[in-house]
């Protein structure tokens, strides 16, 4: 157990996703023999390793991909899981953190853009439930949007959590004490969180300013087929 | 059947047609239990819930119209209903019901299950793949896959008449002992009922070592793995645990037990009870260990034949015995499933050794309650073995004891219950203590408040007094200044008396 460098802030916790379920976001982008497979989903890291193989096999079978995909998928998933597990043993600094989460996704015909604040300290939070509620409230009919939203949220939370791990390590090295805890020189998200903290002191009110209303509400667009094709072509070009 | 839609019987399986929910009439379901021995296995599954009308209440919002009017569901899935969760679902998918993670609850399970089934029923002629399902669902793919597999196995999705035959064959391959539907999760139930193949010597395909106790055979790719390689997952990428079945070597190497030998074994047991050496002699050609091993593997119904000791005074124990042994056979109970799985993995000898160790330790504790008579009877010993082995596993596991288990456990169960009640008492005490503490603190706060009020009042009074004093002072000063001015005036007039008055 690594002792905290200074006793004046909260003891760092073991790294984990700041959600009710400790699930890992996995992103796959594999190209074999001219076939490109892109996917993203959440994975439970406590599933046995045989699950990875089984999942890869089923996916390849279901999507009728070339069998050469299987080892690549397995390897990609396992390496992402290994990354996650490598962070798991380390400490994570968990201070007062309210971070903005941004959504900017296109899933089939639906485009959704949104921004909201998320409490990183709430380890009972559930991106899946949030996404289900959001889809229901906005009346999104395409069932693939939900998982994409949940995944995007989870991915951002994961990245922020990773930054917390590295910043915890830096703080211990620098030994700045409480002052150090409040400076996150490298992480942008930390900077954003800090501003929000200043917002929420007793001098200002909790009600959002009018000019910020537009940023914080969800924007939903339904595209026609031509728009979808155009966007996809553009993405592919920029991807290459 | 009184309903308007005819009962369509699929060629090789029992299926019950369930009319399209949009039709809004409760279907009368009649199932015909026809013949083959295999089917009887399926149809003898206990249906604890009353036979429901699965689609008598239409699901919340069926988006598109369903082309096929009739949706087929196999008879062993009669229990399905949109709003309810059946006990077999709880058994097969305990992760949603054990309360370990707060967000993974029965609601989540219902959401997954209903969405997958709806997705399938939108186009029943087409099989949905796991990837389709998981793309549309929010959640971690592992759980979705398990729900999907469960529904697939039970025929609630991807079920059409042509695909039915595949299930019965799986049944025979997997479970002889259990009466329930095939379970994908623990294929090593096949442990004792494997189809023995002819070769007596087997080498592992991965590590090239001679397989001794047990080996695992994959039928798909026809490969053999030793137990170690299997447990380590040392197989090809395309395979998984489910593809292997366990094949006992020690049994095989010495050929199967013939009917005669089994009969001799039972006779010997009747006569000699615990004395395995004599039993082995009687059977002839088998060591005592073999006899024990074989005896354990027997379907226990046979044990009830001709057990002289148990008939007279221990009829009570017999019924207990039945209850003890059937849970073992009922592989769907998750704890017993685990127990059987672990014992299969460890091998019958190791499980037996563990059980015997459990006997010695636990019998010391539960000496008085465990056995009434002083007679050492084979049946009682065996029963005790399993009974205590079961208790051992249960005490290790942390799941709740199902109603089956409750009736089975005598002494260990009672202590468990006692411990539980003690725990509850403790918790109650702690709660009361906490309540007391909070009350005291509230009183403290109240006292402080009262005190502050008093202080406040006093301050007010003092302030008022101060005001009064200030006023008086002001008046005095006024007086003083008037008189001074008066005095000055009179001075100017040159009158001395006024001066004297002022001072």
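Each Cβ is built from the backbone N, Cα and C atoms, and glycine gets one as well.
Note: TrEMBL annotation is automatic and uncurated.
Among the ranges B:126-163, B:164-201, B:202-239, the stretch that TrEMBL annotates as region 'Disordered' is B:164-201.
When the domain 'Myb-like' (B:249-299) is classified with DSSP, helix, strand and coil residues number 37 helix, 0 strand, 14 coil. Summarised by DSSP class, the composition of the domain 'SWIRM' (B:71-168) is 54 helix, 5 strand, 39 coil.
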